[in-house]
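One structure below.
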Amino acid sequence: MSENLRSRAVTQGSQRTPNRAMLRAVGFGDDDFNKPIVGVANGFSTITPCNMGINDLAKRAEAGIKSAGGMPQMFGTITISDGISMGTEGMKYSLVSRDVIADSIETACNGQSMDGVIAIGGCDKNMPGAMIAMARMNIPAIFVYGGTIKPGHYNGEDLTVVSAFEAVGQHSAGKIDDNTLLAIERNACPGAGSCGGMFTANTMSSAFEVMGMSLPYSSTMAAEDAEKADSTEKSAFVLVNAIRNQILPRQILTRKAFENAVSVIMAVGGSTNAVLHLLAIANTIGVDLTLDDFETIRQRVPVLCDLKPSGRYVTVNLHQAGGIPQVMKMLLNHGLLHGDALTISGQTIAEILADVPDEPPANQDVIRSWDNPVYKEGHLAILKGNLASEGAVAKISGVKNPQITGPARVFESEEECLEAILAGKINAGDVIIVRYEGPRGGPGMREMLAPTSAIIGAGLGDSVGLITDGRFSGGTYGLVVGHVAPEAYVGGTIGLVEEGDSITIDAKKKLLQVNVSEEELSQRRANWKAPEPRYQRGVLGKYAKLVSSSSLGAVTDLNLF
């Protein structure tokens with residue numbers, strides 16, 4: 001065991017008698033004060049099915065730490081349920097919770113001089129929140145994903161929570177009746193686990209597996225299956241070994257690791273939120289990662305997995321087909337993955353993938369062969385233009401034509417937009433603008449799943465565009481562009497668009513444009529005034545004051561001094 005344990009600051013020497021006295025009260029004995037103290041950041045909560053099974057995993061982590069020769073100390077972290085808060089004022093707290101989680105893990109681990117930490121989370125912001133904390137602290141760390149939910153079933157079809165969101169649009173358009181709507185509601189979420197498609201939670205857990213901060217195959221396991229608990233205990237053993245060998249996050253989270261993550265996110269058809277979160281983690285650790293890197297990688301990596309929201313299958317199907325390691329092996333064989341990247345186990349990516357088959361199983365079509373991809377290029381395009389000089393993120397999977405030019409339909413909030421869609425006031429060819437929903441303007445950069453699902457449900461998914469300085473749920477698909485930067489609140493051009501202006505979204509040319517002269521835009525800009533802050537105190541007020549542009553990951557600790 002290393003002599004440079006951080007916890008020696010509270011366990012060694014006569015001056016630490018009172019410290020040890022308190023530790024004895026929580027279970028330490030004479031032989032435990034030379035062991036590494038390992039934090040268990042427990043995201044258990046009954047707020048959401050994503051996190052409701054995590055307490056059992058945390059107990060398995062404790063057992064694993066003890067068996068490996070460490071002393072666990074468990075503490076809680078918060079979560080917000082994106083699915084439950086979606087479409088409400090509460091959604092403004094979702095992205096904020098990412099930074100609250102990061103702050104809480106950093107505070108507990110550094111405040112208690114812990115030697116390492118195993119973080120266990122489920123809902124979307126749990127993953128990046130934990131990883132930001134790990135990047136800040138740079139102590140041995142591993143992430144355990146709470147696991148994915150199994151699909152619901154109704155009328156012979158697999159359901160996810162997004163099925164319920166889309167059913168609202170179908171119902172308002174008269175396509176389904178009240179009984180069908182209620183049946184979908186009752187069957188969409190059958191138990192514990194995070195939302196089942198390749199939505200944000202499963203995207204980020206997959207990214208962390210690729211980056212080497214979670215164990216192989218762990219990101220696609222079902223929350224309720226025994227292998228998830230077994231993997232948690234194994235993760236604890238791996239972490240204690242990393243403490244002994246001082247394998248640190250900043251040795252793992254290199255430029256190569258981020259490039260690997262982006263490649264796999266493209267290959268599995270992952271969430272737009274991954275762009276924001278990876279930028280934030282890279283920003284924290286000092287890795288030079290920009291929006292342009294996502295576009296470069298997108299152009300060379302095909303979408304190999306036919307997963308919801310735009311595809312047919314859910315994450316448990318991906319697990320059965322070989323999981324993330326199978327996708328990684330295919331990318332490695334085609335020169336699109338850095339095999340020499342280090343992982344928390346001490347092995348390289350290439351070493352971990354050595355025994356993984358070169359090709360996916362023949363009797364499935366969840367993971368396509370290299371010669372028969374779902375799409376020849378990645379699905380997350382970075383657009384720029386006079387509407388987004390810093391950039392914006394477009395999700396172009398599941399759309400027949402990634403180009404549209406049409407009249408702007410301008411809304412100052414998500415609620416106004418949703419009301420218009422459900423009232424049948426949006427027509428084919430329209431380009432919806434939802435603004436003042438950015439990191440500062442919202443604040444909190446709400447996800448627009450309710451409006452986009454209503455568009456899909458109304459049958460307008462291929463004929464209506466939607467642009468916002470807010471975000472999209474991982475469950476969103478269609479011709480949608482989010483993360484527009486600069487945002488409206490800080491004077492971005494999206495705040496100058498007027499009803500009826502001609503707007504162009506062109507994913508092929510990577511263009512996001514309002515077709516108005518520069519002279520006209522300059523005149524509008526001269527007359528524009530920043531709105532009063534929506535919140536001046538409390539968590540949201542503090543967040544709006546500190547948060548950076550989405551093009552930098554919307555972090556809250558950049559350029560503080």
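For all residues, glycine too, the Cβ spot is worked out from N, Cα and C.
Source: prediction; values computed, not measured.
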Which residue of Cys109, Cys123, Cys305 does Swiss-Prot report at the same [2Fe-2S] cluster site as Cys50, Cys195?
Cys123
Besides Asp82, Asp124, Lys125, which of Glu419, Glu437, Glu447, Glu487 does Swiss-Prot list for that Mg(2+) site?
Glu447
Below 8 Å Cβ to Cβ and six or more residues apart, same chain only. Which residues does that give for Cys195 ([2Fe-2S] cluster binding site)?
Cys50, Gly83, Thr148, Ile149, Thr160, Val161, Val162, Ala201, Asn202, Gly474, Gly475
Please state whether DSSP places Glu447 (Mg(2+) binding site) in a helix, a strand or coil.
strand
Do any residues at least six apart in sequence from Lys125 (Mg(2+) binding site), in the same chain, have a Cβ closer than 8 Å to its Cβ, and if so which, in order?
Thr79, Ile80, Asp82, Ser94, Leu95, Ser97, Arg98, Ile101
